[in-house]
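Data first, discussion second: the structure below is written as structure tokens.
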Amino acid sequence: MTRVTRDFGDSMQKEAIHLVSSDVNFVSGRFPDYQIGADNIIIEPENNPRVPSLKEIVAKETTQLLEQQKRLSVRDLADKFEKGLSAAAKLSDESKWREVASLDRHVLLKKLRDVLDQLRGRVAGRNKDDAEEAVSMVEALAVQLTQREGELLHEKAEVKKLATFLKQAIEDAKKVIEEERAFARAEIESARAAVRRVEEALQEQEQMSRSAEKQELEELKKEVQEARRIKMLHQPSKVMGMEHELQALRIQIAEKSAHCIQLKKELAILRKLEENKSNLYELEGSESLGSCLRIVPRTDPAPDISNCSIQWYRTEGSKKELISGATKTLYAPEPFDVGRFLQAEIVLNDERFMVTTTSPIDPAAGLGSYVEALARRPETEFNVVVTQMNGRDYLSQSIHVFHVGKMRIKLRKGRSTKAKESYSASMQLCGIRGCGNAAAKSIFWQAKKGLSFILAFESERERNAAIMLARRFAFDCNIILAGPDDRAPTGTS
């Protein structure tokens, strides 16, 4: 047996590597990792990620293009085809590169096999078996490489077919684009022609209307001139004299009318002074909804009436209705008082003094439309402060919510409900009668017998709106919602 030393093997390995590396260009920097299975079958490692073949990539791109063809415009379709053509060109270049790499692999395998044959002739024993096993592995690699070359040629043919198809599709898309552009140009020209015809018709109509107006104006001028001529022919001096007399009479009538109005005003002032000569008090404040009326002395030496008996009334013609609870020097009109006179009776040392508003109470501007808008909602919320509960002062000044609904009224604070009652005959709701300067913003609400509140609103408008809205919803439930001992006026809703 021939003995192979270590130095000889190393020198042969270096020589083989030198011969192969001098003629072959390696695609990668290392030899592929392959494993030899049973019957010399080459097995690729499972941990290497599977790279899709060129055929699968082309089939996937073709499917996506066919799916998107129906929902793309002609211009977008042409862009897609051009991108597909560039992708096909890239794939073709990649196939050429793979072909070159395949040729390099063939050269590498041939060189490697020659080296292994030479090595097998020089070694013996176990090294010879290893060399033969390496030769069989190289042959198996050559067979697999040949199979892959066949697949590569098939894929190359498919890529060429796809490139041809894409070129034809691009040509068809360009033809369709040109046809669409020609059709669009024709439509634009047709629309421009129609616009020109409409403009010409409008200009012609405008000219005709101007000529007609000018002709009518000329005819009117001629008629006026003819009327003036006829007027001058038929006693022009007498007509002019009558015109001067009429002008003088108009001036005199205007002077007499102004003098008469002034005399009426002075007479009304004198009558009012005579009627109130013996009265020591009068009402101060705006006589409208949302204000406060206060009894004040007319003269400085007038006696103090803070401890006197006072009673307020509503008057309408000969009817006089007592306002229960209105026994203070101050009273804030409520919606029931609109359209009626208010009168206060003062009893001082067995003497009675009467003070009355000069005109009926006027409604608040815009309040009616505001209530109509709120009535369309199923429920309206108002922010209030409870000042009294069951006749006692309520110490907490926190904000409560007053709900006015179509079927009931509710008062709550946060999630806690203070009162929740449906409209009934025992429920009362009216403006507060007294309560100082806050009377115009406050109401009295008796939810049921034994449970009453005095609530202060944020403004006079919200207070009056809440009263009107609650009375309207209660009337829909056949309930007359009023204050203590009040009778609703006719037509209240």
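Placement of Cβ uses the backbone N, Cα and C atoms for every residue, glycine included.
Per TrEMBL, the features are:
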- 54-96: domain 'Stomatal closure-related actin-binding protein actin-binding' (DOMAIN)
- 100-267: domain 'Stomatal closure-related actin-binding protein coiled-coil' (DOMAIN)
- 128-283: coiled coil (COILED)
- 281-376: domain 'Stomatal closure-related actin-binding protein Ig' (DOMAIN)
- 379-486: domain 'Stomatal closure-related actin-binding protein PH' (DOMAIN)
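Across the domain 'Stomatal closure-related actin-binding protein PH' (379-486), DSSP helix (H, G, I), strand (E, B) and coil residues number 23 helix, 51 strand, 34 coil. Predicted-model confidence for the domain 'Stomatal closure-related actin-binding protein actin-binding' (54-96) is 66, expressed as mean pLDDT.
For the domain 'Stomatal closure-related actin-binding protein Ig' (281-376), DSSP puts the residue distribution at 12 helix, 41 strand, 43 coil.
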